[in-house]
Amino acid sequence: MKKKYRIAVLPGDGIGPEVMQEAYKILNILKDHFLLPLEMKEFNIGGIAIDQEGIALPKNTLLGCENSDAILFGSVGGKKWDYLSIDKRPERAALLPLRKHFNLFSNLRPAKLYADLKYLSPLRSNIIKDGFDILCVRELTGGIYFGKPNGHSKKNDIEYAFDTEVYYDYEISRIAHLAFQLARNRKKKVCSLDKSNVLKSSILWKEIVEKISKNYPDVHLSHLYIDNAIMQIIKDPSQFDVILCSNLFGDIVSDECAAITGSIGMLPSASLNEKNFGLYEPAGGSAPDIAGKNIANPIAQILSVSMLVRHGMNLKKIADKIDESVVSVLKQGYRTADISNNSHNYLKTSEMGDIIANFLINGK
């Protein structure tokens, strides 16, 4: 490993700063106890950057990210900035430009049902008896969100709007390669989602994925139409391992997978480019209604650190230790308010961070 592994820390708005404080506890243990050569520098982003510097993504923040090996992101946005035009609000003017600037073409969204949190899932107990551990791999920079032409117009008093789904073979190839590589370290199954019975772009998607799969004979590939996949995820989520999908389909499916865990505050995510530079963040939002109350769940932010260690630093064993610490804490019955089944007995944000940190060091 290089002399220093530099992390740009962007706490942002809402609950971002307080859950990031708990992530710092883990980072400092990795630095002091596991002797990882980490260097963390903090920068403004989102609403706080608008308030202090007049723009959601300041130049010095972008420069700080460019001079780093990874980005650890909190959350951005809140009603405070709703007076701004949509393109200048934190949600649009901070995260999307970061993704574009660093060409973060892939989004990894784990959706895991923890054995001790099955009561949170909206699915029936007989459906989730075996639990599930799904990784959604979503193409992030192509597809209908970015295709041209698009527009909104009017002709002969008839209003209409249109978008264009465009995928190039190289865009599909690189996300498929990543999905298969990730599956090799899991249950060795990839399910690719498409709508190839209707869409030309999906026909190409399926053809390219089939072609790429020949490089990974140890990984089983299956295909599902997106409408059937949505149903199958609800009926039997345990059948899935890695789900590979386009930008639009991934946007939908990753949220569905998150919803059936019943605990969005537990779910991290990673967005990576071809050089393995990544942005790591919780899957949930800024939750301004509970900001500053010390009741937010910090586990998604802590598990984002785990993903950074796993995918950014390629230190699987240490990432596993972070994950195991979270599992151990849950097994012993520790809960924050959002995952507690007892409204009068739960930990504060800082308390949960302390307990996970203690498990990471001492294993108890």
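Glycine is treated like the rest: Cβ placed from N, Cα and C.
As recorded in Swiss-Prot:
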- 78-91, 285-297: NAD(+) binding site (BINDING)
- R99, R109, R138, D227: substrate binding site (BINDING)
- Y145: site 'Important for catalysis' (SITE)
- K195: site 'Important for catalysis' (SITE)
- D227, D251, D255: Mg(2+) binding site (BINDING)
Cα of I86 (NAD(+) binding site) to Cα of R99 (substrate binding site), in Å and rounded, measures 18
Neighbours of D251 (Mg(2+) binding site) among binding-site residues G78, R138, A291 (C-alpha cutoff 10 angstroms), in sequence order, are R138
Are there any residues in the same chain, six or more apart in sequence, whose C-beta is under 8 angstroms from the C-beta of A291 (NAD(+) binding site), and if so which? D13, G14, I15, E18, G78
Can you tell me which of the recorded positions Y145, K195, D255, A287 is spatially closest to R109 (substrate binding site)? Compare CA atoms only. D255
Whole-number Å value for how far D82 (NAD(+) binding site) lies from D227 (substrate binding site) (Cα to Cα): 34
Length of the line joining the Cα atoms of I295 (NAD(+) binding site) and D255 (Mg(2+) binding site), in Å: 23
Packing count at I295 (NAD(+) binding site) (other Cβ atoms within 10 Å of its Cβ): 18
Within the same chain, and leaving aside D227, D251, D255, name every residue whose CB is within 8 angstroms of the centroid of the CB atoms belonging to the recorded Mg(2+) site, in sequence order. I226, I230, L248, F249, G250, I252, V253, S254, E256
Whole-number Å only: compute the distance from the Cα of K195 (site 'Important for catalysis') to the Cα of D82 (NAD(+) binding site). 36
